[in-house]
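S.K.: Pasting in a structure now, in structure tokens, and then I'll have a few things to ask.
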Amino acid sequence: MKLHHQIFIAMLAGALVGSLTSESTTLFGVPILAGYDLVGSLFINGLKMVVVPLIVTAIINGMTSVGDGNNLGRMGLKTVALYMTTTVVAVLIGLLTVNLFSPGVIDGQPARDLLGLASDTEAVLAGIEGRGAGDFTQILMQMLPPNLIAAAADGQMLGLIVFALLFGYFLRTERNDAGRSLRDLIEGIYQVVMKITMLVIRFTPLGVFALIAATVTRTGLDAIEPLAWFFASVVVALTLHAFVFMPALVFFLARRSPLRHIQAMTPALLTAFSSASSAATLPLTMECVQNRAGVSQRSSSFVLPLGATVNMDGTALYECVAAMFIAQAYGMDLSLATQFMIVITAVLTSIGVASIPAASLVAITVILAAIGLPAEAIGLILVTDRLLDMFRTAVNVWGDSVVTVVLARSEGEEQVLQRPVADAERMAQAASAHAGQGQTDK
Ligand code: ASP
């Protein structure tokens, strides 16, 4: 059975099993929720384990293989332009939807009392500390970490990326033997880490099953009810972005079938959905973009790690809808200037948000502060956060993959999304088997 079918079935089974178990259910005396958590965490740990070496070697590799300075400048500019444009469009779609739906206004009245604010604000804020960019200066500080190892250990990928970009930039121009050996070494590490990644990926269905079962057991599905309009606004806006705007880019700019691209990306999208972490999904995203969508290593290894860290369409959109919803619920006057402020802050903070679950919450407090609302108001949206996190993370990963395909096509890569996914998978397997054979022969 194909991987994405396996993952899909595992997801449904996880939701079913999760809805049958509760937090107090035990199996042979062992709490079943702890079992789900263990399996889910092992899977996520497996993916996280490869993230740091993968990001660093992929970016350095990407930098050294793009060719001369002109190539690099052109690709860099295109990447940044595409990332910025897609994020701004995502936020505008969110803004439009939240204005149309007005989820914070119920029967013409701000919904503040109906919704009630969470009283455990302190605990909430303490729980989300360190997950995102507090403010703009913090984003800048993250870009130049004083200690690389500490940044890697804390999952502050922005600093690591800047270092890898600089390292790759200078390694590219080292023409001597030492430079060549170092390039080979880094390329070798990248290949091996990718193989470890493939091994972890085989366990995706099991991991996804456990993650979904744990989420459904914890939150249940009734929790959403009072916030149904807010929930619907976010999902509708994300759907418009993911299924209308993004496919249009694939179709018009990349001149390829959006459907085929969705097919190619399914394993990564389902993993993003169940793990709610685009950083943990990155290894799988790279695998899908390279082996199933046929994008060269040259384009993807440069664009994807960067995207997983700084390009978050779903997150930016969610931040905008959430801040607008809270402002509406407070009965705040939403002048054009205020909405503009929300848009700008959502776009900028989404760059600094960590690619881990619930990271947006911090950014939303920043937006609330920018428009003069108390940070404690995020209490309103906590109930639905986990579920919406799954949707927005999938959109984050989808956005990165679309930009990569568009970029690869603009660089003249003909093979992108040309072959049916099944063929591509078979060829990739054959190639890795062949490579393994070659090694044993030696
Ligand atoms: N969970 C999201 C991600 O990893 C970030 C967020 O919006 O909270 O992409």
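Cβ from N, Cα, C; glycine included.
Whatever TrEMBL says is automated annotation, not expert-curated.
It should be emphasised that the depicted structure is a prediction, and the values quoted were computed from it without experimental measurement.
Quick paste of what TrEMBL says about this protein:
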- 38-60: transmembrane segment (TRANSMEM)
- 80-101: transmembrane segment (TRANSMEM)
- 148-171: transmembrane segment (TRANSMEM)
- 192-216: transmembrane segment (TRANSMEM)
- 228-254: transmembrane segment (TRANSMEM)
- 334-356: transmembrane segment (TRANSMEM)
- 362-383: transmembrane segment (TRANSMEM)
S.K.: Do the transmembrane segment (80-101) and the transmembrane segment (228-254) come together with 3 or more C-beta pairs under 8 Å, pairs six or more apart in sequence?
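M.R.: Answer yes: the transmembrane segment (80-101) meets the transmembrane segment (228-254) with 3 or more Cβ pairs below 8 Å.
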S.K.: Using a Cβ-Cβ cut-off of under 8 Å, list the residues of the same chain that are 6+ residues beyond the ends of the transmembrane segment (38-60) and lie near it.
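M.R.: Cβ under 8 Å, 6 or more out: 152, 157, 160-161, 163-165, 167-168, 171, 186-187, 189-190, 193-194, 196-197, 200, 203-204, 206-211, 214, 275, 277, 279-284, 286, 301-302, 304-306, 308-309.
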S.K.: Same chain only, please: residues at least 6 beyond the ends of the transmembrane segment (228-254) with a C-beta under 8 Å from a C-beta of the stretch. Say none if there are none.
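M.R.: Distal contacts: 86, 89-90, 93-94, 96-98, 101-104, 106, 261-262, 313-314, 317-318, 321-322, 325, 381, 384, 387-388, 391-392, 394-395, 398-399, 402, 405-406, 408-410, 416-417.
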